[in-house]
Ligand SMILES: C[S@@+](CC[C@H](N)C(=O)[O-])C[C@H]1O[C@@H](n2cnc3c(N)ncnc32)[C@H](O)[C@@H]1O
């Protein structure tokens, strides 16, 4: 007997649940939506109306059950108002990183309110280009630069940035200087910060995110975050701001490292699940309007 879409989704849900996938309900529907070339709502509506199981659905569920990331299977990742192309070689953007975009937009707005027509923003370690593209598209007056070093990630960066206003620097972010990039009102970064010995448990992260996007360079995970701070000190304007994502366990170490480098107004920010996952800080100087 032919299987309906609703029966296939129910099967997909239980298959993914057994495989240990964290969000089996959503993933089962989104894989069906991808197979049909429809949105989630339309797919659920079709399931209610008794549509047949789409061809190829079970193969996609089996890939997901082997813990291939959903975003690698569909080829896209939602981020703020964007759909980014992602796949092997690039870090899949996470919902918690959307907080960095909001913090950056808030700072850019202050600079613009103080008369800076096109505040400069630079995203260190842009990966898919998520942060840079979201800032550029949500605040079209901002001038956004994105920096990425890894060749495999750069394939995706170039693809996502094509046709956008974002300038791409194919470089190590530790080498960025005022001569190579200019001066910025805001430096934003989601650097590699996982302590070297802390191998993530989720296969989607451990086996698919590039190690160069994850590991922070030592047992505290702070080498690359501190390198981003050093670059920020060099390329920020006086009174400019630094915005960085980090692990919950790194709040105190991040604040100390920023203080050591002369930053002030150091604030920790909580993500949607109320975890302290981002810090902002400002360099001394006149700042917006000064
Ligand atoms: C955690 S991922 C963040 C990617 C993206 N910004 C996001 O939030 O989804 C860190 C990114 O920094 C890049 N990266 C790591 N070290 C770098 C370096 N020294 N210079 C430039 N990019 C670097 C990695 O290749 C990776 O794309």
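Each Cβ is built from the backbone N, Cα and C atoms, and glycine gets one as well.
All TrEMBL annotations are machine predictions without curation.
Fair warning: this is a prediction, and the values are worked out from it, not measured in the lab.
Positions annotated as domain 'Release factor glutamine methyltransferase N-terminal' by TrEMBL: 7-75.
According to TrEMBL, the feature domain 'Methyltransferase small' maps to 120-195. When averaged over the domain 'Methyltransferase small' (120-195), pLDDT in the model lands at 97.
Under the heading S-adenosyl-L-methionine binding site, TrEMBL lists 125, 126, 127, 128, 129, 148, 190. DSSP gives residue 129 (S-adenosyl-L-methionine binding site) a coil state; it is part of no helix or strand. The local packing around residue 129 (S-adenosyl-L-methionine binding site), expressed as other Cβ atoms within 10 Å of its Cβ over all shown chains, amounts to 31.
Look at TrEMBL and you will find 190, 191, 192, 193 tagged as substrate binding site. Here the Cβ of residue 191 (substrate binding site) has 22 other Cβ atoms within 10 Å, regardless of which shown protein chain they belong to. The DSSP secondary structure for residue 191 (substrate binding site) is coil.
What TrEMBL records for 266-277 is compositional bias 'Basic and acidic residues'. A Cβ distance under 8 Å defines the sequence-distant neighbours of the compositional bias 'Basic and acidic residues' (266-277), meaning residues of its chain 6+ beyond its ends; these are 95-96, 99, 103, 245-248, 251, 255, 258-259.
Marked as region 'Disordered' by TrEMBL: 266-290. Residue counts for the region 'Disordered' (266-290) under DSSP, helix first, then strand, then coil, are 0 helix, 12 strand, 13 coil.
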Beyond the site residues 190, 191, 192, 193: chain residues whose C-beta lies within 8 Å of the centroid, for substrate: 125, 189, 194, 213, 216, 224, 225, 228, 244, 245, 246
All-chain count of other Cβ atoms within 10 Å of residue 128 (S-adenosyl-L-methionine binding site): 28
DSSP residue counts for the domain 'Release factor glutamine methyltransferase N-terminal' (7-75), split into helix, strand and coil: 48 helix, 1 strand, 20 coil
